[in-house]
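Contents: one structure, followed by commentary.
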Amino acid sequence: MSTKEKLIDHVMKEEPIGSRNKVTVVGVGMVGMASAVSILLKDLCDELALVDVMEDKLKGEVMDLQHGGLFLKTHKIVGDKDYSVTANSRVVVVTAGARQQEGESRLNLVQRNVNIFKFIIPNIVKYSPNCILMVVSNPVDILTYVAWKLSGFPRHRVIGSGTNLDSARFRHIMGEKLHLHPSSCHGWIVGEHGDSSVPVWSGVNVAGVSLQTLNPKMGAEGDTENWKAVHKMVVDGAYEVIKLKGYTSWAIGMSVADLVESIVKNLHKVHPVSTLVKGMHGVKDEVFLSVPCVLGNSGLTDVIHMTLKPEEEKQLVKSAETLWGVQKELTL
């Protein structure tokens, strides 16, 4: 008899019940690993699968996470370059792609990443045909559109991480300015995740008090408090971090876990995420942009109708036109 047999008395054969909350992260770069760790620390899955083409890096990351298994509630952490390891995932987070270089615009990355997606997306669909697909790779709005097209999934099951992080950055800076916790500072950044994002100044509030009623020039020229600079700091935030440490990881990882939590726990929370906005706010083309959306079990269930000022709507349409200009040139 083996030690195990002497130690453990078998009462019944275990039923092979699959994972109920399996999450896959594709890409074990800085963003992928920060997302994976954030998901594990929030205890959001009963199985985590990691996939990457770089086998040694993947193997090392999986082992490193497994060695911390004692401190986690997720008992199964697996990884492979073969997508069969991702089978029956509930949520698949795609962070893989060419990394943004210092000074490179997110739009410049596009075709490099489209080619990578042509391999990744069909493999995800093959093994997890019912999953919710969350795209994080940049430029996220265009790549969410690409993932939607390549997957053949209905629109509610393809979500881009969008401006969830931009809005968090905005609320953080707003909190610094007002000496308040970010959760008490309400403000939404919508549109493109990137240079043409739109701050909805008309909705910025603390405890229901509209800041624009207190300061009618807020966000406009001639504002003595220069709130416009807050949005500029949001846009420049990623570039600044990349310049200083070479990449961004922690905040986007936490943002991803925040979105995954709303899905797997069916929270019906509202997040600014990237979805198909054709027909909304005067957008005529098939583009994905961030608007406030409700996330739950089935993915993206509802979109909130924002009351935008004409100027804000104009910026959103301009954003959409920029993205469409790039999208129509893509070879899918």
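Using the three backbone atoms N, Cα and C, a Cβ is placed for every residue, glycine included.
A simple way to gauge crowding: the CB of His193 (active site, proton acceptor) has 29 other CB atoms within 10 angstroms, across all the protein chains here. Residues or ranges marked as active site, proton acceptor by Swiss-Prot on the basis of similarity to another entry: His193.
What Swiss-Prot lists as NAD(+) binding site is 29-57, Arg99, Asn138. When Cβ atoms from all protein chains are considered, those within 10 Å of Asn138 (substrate binding site) total 29, not counting its own.
In three-state terms derived from DSSP, Asn138 (substrate binding site) belongs to neither a helical nor a strand segment and is classed as coil. Per Swiss-Prot, the feature substrate binding site maps to Arg106, Asn138, Arg169, Thr248.
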Which residues does Val37 (NAD(+) binding site) neighbour through Cβ under 8 Å, counting only same-chain ones at least six apart?
Leu65, Gly253
Measuring Cα to Cα, how many Å separate Val53 (NAD(+) binding site) from Asn138 (substrate binding site)?
18
Using only C-alpha positions, which one of Asn138, His193, Thr248 is spatially nearest Met33 (NAD(+) binding site)? These are the recorded positions in the record.
Thr248
Taking only same-chain residues 6+ apart in sequence, whose CB is under 8 Å from that of Cys45 (NAD(+) binding site), what do you get?
Ser19, Asn21, Lys22, Val23, Ile39, Thr74, Arg90, Val264
